[in-house]
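For reference, TrEMBL has these:
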TRANSMEM  36-62  transmembrane segment
TRANSMEM  83-111  transmembrane segment
TRANSMEM  117-144  transmembrane segment
TRANSMEM  216-238  transmembrane segment
TRANSMEM  263-286  transmembrane segment
TRANSMEM  332-349  transmembrane segment
TRANSMEM  355-377  transmembrane segment
TRANSMEM  389-413  transmembrane segment
TRANSMEM  419-441  transmembrane segment
Amino acid sequence: AAAGQRLLQAEAPAKKETQVVGVSGRRSRHETLLRWFITLILYAAFLGLVRAGGATLSGVFLQRKRPSQLESRLCPPILKHANFLMSMLFGHLLFIDCMSSLFTTVCLYFIPFCKTAVLLIVMMSVMGVSFSILDTGGNVLILAIWGDEGAPHMQALHFSFALGAFLAPILAKLALGTSVSAENHTEPAFQSPATNGSSEADSAPLFGLPDDMNLLWAYASTSTYIFIVSLFLFALFFKKSSRQEKSKPSAQGYRRAEYHKTLLCLLFLFFFFYVGGEVTYGSYVFSFATTHAGMEEHEAAGLNSIFWGTFAACRGLAIFFAACLQPGTMIVLSNIGSLASSLFLVLFNKSPLCLWIATSVYGASMAATFPSGVSWIEQYTTISGKSAAFILTGGALGQMAIPAVVGVVQGQYLDLPVVLYSCLGAALFTALIFPVMYKVATLPLDRQRKEDIKNKKQKALPYSPGI
């Protein structure tokens with residue numbers, strides 16, 4: 001009887017251990033599925049954001065022929081990026097509420113009914129705030145739930161963004177193609193703004209049905225898509241505080257580099273020049289090809305398409321490369337490609353063949369740099385919401401400042417390829433900044449390694465007692 005009791009007592013801990021292993025295994029599978037589900041929802045959100053922004057200006061301004069058409073084309077993007085810049089600094093505080101996607105949905109529902117430029121600018125500004133909050137929070141959340149394994153997922157997140165940018169003009173063309181001919185109509189009522197401006201401003205309604213119902217359906221479908229995504233985000237992030245805190249320590253430990261703030265400032269500058277060069281070339285490649293290189297409009301449009309096409313395609317390929325290459329290696333390869341291609345663009349800016357080849361290489365080289373930079377710094381120091389907002393602000397500021405300066409300078413020197421000079425300068429700065437960042441990040445590790453080697457040598461020396 002005593003032996004039987006001892007046997008039962010020995011079997012009881014074994015059963016408990018088996019139950020604990022089973023529960024932990026189920027919990028691990030559940031957490032993995034939850035992480036994948038959150039990641040897929042973020043992919044869908046990033047895809048929808050660019051789709052929403054891409055068709056916004058083209059459709060609304062085609063149906064609104066105002067004397068201040070140029071001003072209306074410029075004000076919403078400027079305010080959008082200004083709000084993007086400001087909300088980057090505070091977006092992490094609001095992301096846990098998931099209100100940004102809901103605001104985007106509401107704005108998209110109302111935009112087709114806007115009849116005044118001021119109201120449209122307000123809607124675009126709110127959308128800019130919402131975009132920036134989701135952009136900052138999406139990058140931080142990928143790092144939080146995947147940790148050191150987040151490089152491929154970061155590449156996939158930005159690939160969905162690039163895919164949305166590639167599909168947005170195509171979808172807008174399909175939805176609004178029949179309204180393009182509206183630009184050829186003349187509207188005498190708007191030809192004399194000096195006489196009609198004040199009376200129209202007083203009598204024009206704030207809201208009204210759009211002239212083209214295709215515009216309404218295009219916005220309704222896009223806003224419904226984002227609304228569905230926002231429902232999933234709300235369902236997930238209502239439990240974010242409890243589940244993420246449990247899964248985050250298992251995914252990664254908290255790290256803070258010795259020169260944390262210096263690294264953030266360097267990455268700020270890195271993204272400033274990288275995003276500035278990317279947006280500058282993408283914005284001016286069409287006008288440069290037609291005015292400076294002497295291309296026809298259809299050829300210049302093809303050059304613009306090959307840049308963004310290779311950009312989106314290589315962001316997709318970077319998902320697989322990130323699984324076998326370190327983020328630092330991908331940044332070095334991207335810097336070499338962008339520097340070489342921009343140099344060839346400057347040297348052979350009159351050669352159509354060189355323009356085609358170098359543009360393809362330049363677009364491919366710029367694809368993986370941004371997500372690789374975020375993944376790279378996470379290896380050395382933990383990125384919080386404030387840190388991510390700060391470094392992403394560098395990209396937003398470069399996106400606004402560099403193209404604006406290049407546009408002014410190019411207007412003063414029409415015979416010089418200022419656009420290509422700026423791209424070469426941006427590539428040169430990014431190629432110089434990254435080695436400095438790497439040295440700053442690894443300086444404490446090198447110091448520790450030298451101390452370990454010194455200690456090993458001292459231990460290896462024979463002991464010689466004093467006389």
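Keep in mind that glycine also has a Cβ here, set from the backbone N, Cα and C atoms.
Curation does not apply to TrEMBL; its annotations are automatic.
Residues 257, 259, 262-263, 266-267, 269-270, 273-274, 276-277, 280-281, 284-285, 288, 328, 331-332, 335-336, 338-339, 342-343, 345-346, 349, 362, 369, 377, 380-381, 402, 405-406, 410 of the same chain lie 6+ residues outside the transmembrane segment (419-441) yet bring a C-beta within less than 8 angstroms of a C-beta in it. With a cut-off of 8 Å on Cβ pairs spaced 6 or more residues apart, the transmembrane segment (389-413) and the transmembrane segment (332-349) reach fewer than 3 such pairs and are scored as not touching. The transmembrane segment (117-144) shares the most Cβ pairs under 8 Å with 355-377, out of the stretches 216-238, 263-286, 355-377.
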